[in-house]
């Protein structure tokens, strides 16, 4: 999905350049229908991404970082292939034909989605039990309304903002997303501005994708180790700082050889971050809360993803130089990585301080629950005994009442 997103952005950017001239970020005024097209595309992309991430969290636990790395490796595989192919399609078929071909490739995601199956707990075969429960419940408007409200709260749970770790993660990931896509969109244009040929400039993305293809599963394998898995949040912070540092050094490189070196390190940093970005969220929220958390995170991350590339292009239009967009993106990402590193130290320190209090609360709750259970058991034992004690005198009284009238009737004359 990501590789088609980058390729489509490249097609639209080149089309905008041809239509608008030197402006690299404003869309062509004649293509007013693109807004609706990209709206539909964004809706499908969000449904595809969230479902794939959720199913990974359900299928894997011990080797989950490696599974995330392997799943994310599909993007750079096709990114390194589509960079030169997309350049050929743009010259051969134009932007309309290129987008049509990319849309046909995107339809293969429907086949991949059809292969996903829900996880059935062991010992609970798939059956129509939920349907029976629905039939047994009374068909009332109040119950339907309550069910809908519960489903809405489940899919959009705002209580995540009370979680300190989630808020720290969200701020850092938003800062990364803001600066992540600008260098990808403008890397070829920056190389062309430095005097590199168009096809050679397009191969920079191929090199980056080729390196990224191996880095993502390797990062997942490293993150699955017993030394890194407990410290995966710090590993994620290091990956962000490494990625941002590469962007800060890019404007200092002018020759094609140095740009190739930058593309290699850019692929390393980019692959490390995207192999860990959702794994860190799974580590914080757990498998049960992850589907709601990833939905909320992706909704919020749409804002920096939407603002990042246009802001980078605006800097190019204002200053007439590409180096300022690399400075901006690199500084934002480095700041986000340092923020995550410092705040995770603070978060873990506070969790250690709060742990005894939470343990006391849990112990107190367990004691109270045990007392309630024991009290209920005593009541259950006492009720039959009391019933037996009550029934014995009642039985004697009834027996006496039945026996007393017999002598009185015997004394009465006929």
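Quick reminder: no glycine exception, Cβ is built from N, Cα and C everywhere.
Outside the transmembrane segment (66-85), and at least 6 residues removed from its termini, the chain residues within Cβ reach (under 8 Å) are 1-4, 6-7, 10, 52, 56, 59-60, 199, 202-214, 216-221, 223-224, 267, 271, 274-276, 278-279, 282. Summarising the annotation, TrEMBL assigns transmembrane segment to 66-85 (among others).
The transmembrane segment annotation in TrEMBL covers 97-116 (among others).
Among the features that TrEMBL reports, transmembrane segment is placed at 166-190 (among others). Residues 6, 9-10, 13, 24, 160, 198, 201-202, 204-205, 208, 233, 237, 240, 243-244, 247, 250, 263, 266, 270, 273, 277, 280-281, 284-285, 293, 297, 300-301, 303-305, 307-309, 311-313, 316, 322, 325-326, 328-333, 335-337, 339-340, 343-344, 347 of the same chain lie 6 or more positions beyond the ends of the transmembrane segment (166-190) yet place their CB under 8 Å from a CB of it.
What TrEMBL records for 202-222 (among others) is transmembrane segment.
Residues or ranges marked as transmembrane segment in TrEMBL: 234-254 (among others).
According to TrEMBL, the transmembrane segment annotation covers 260-281 (among others).
What TrEMBL lists as transmembrane segment is 293-312 (among others).
Here TrEMBL flags 324-346 (among others) as transmembrane segment. Remote same-chain partners of the transmembrane segment (324-346), defined as residues 6 or more beyond its termini with a Cβ less than 8 Å from a stretch Cβ, comprise 165, 168-169, 171-176, 178-180, 182-183, 186, 190, 233-234, 236-241, 243-251, 308, 311-313, 315-316.
The feature region 'Disordered' is assigned by TrEMBL to 357-414.
Taken from TrEMBL, the feature compositional bias 'Polar residues' covers 364-375.
Feature annotation from TrEMBL assigns compositional bias 'Basic and acidic residues' to 378-406.
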Any chance you could find the range in 97-116, 234-254, 260-281 with the most Cβ pairs under 8 Å to the transmembrane segment (202-222)? 260-281
At a C-beta cut-off of under 8 Å, are there same-chain residues at least 6 beyond the transmembrane segment (260-281) that contact it? List them, or none. 53, 64-65, 68-69, 72, 75-76, 169, 173, 176, 180, 183, 187, 204-205, 207-217, 219-220, 223, 232-233, 235-236, 239-240, 242-247, 249-250, 253, 290, 293-294, 297
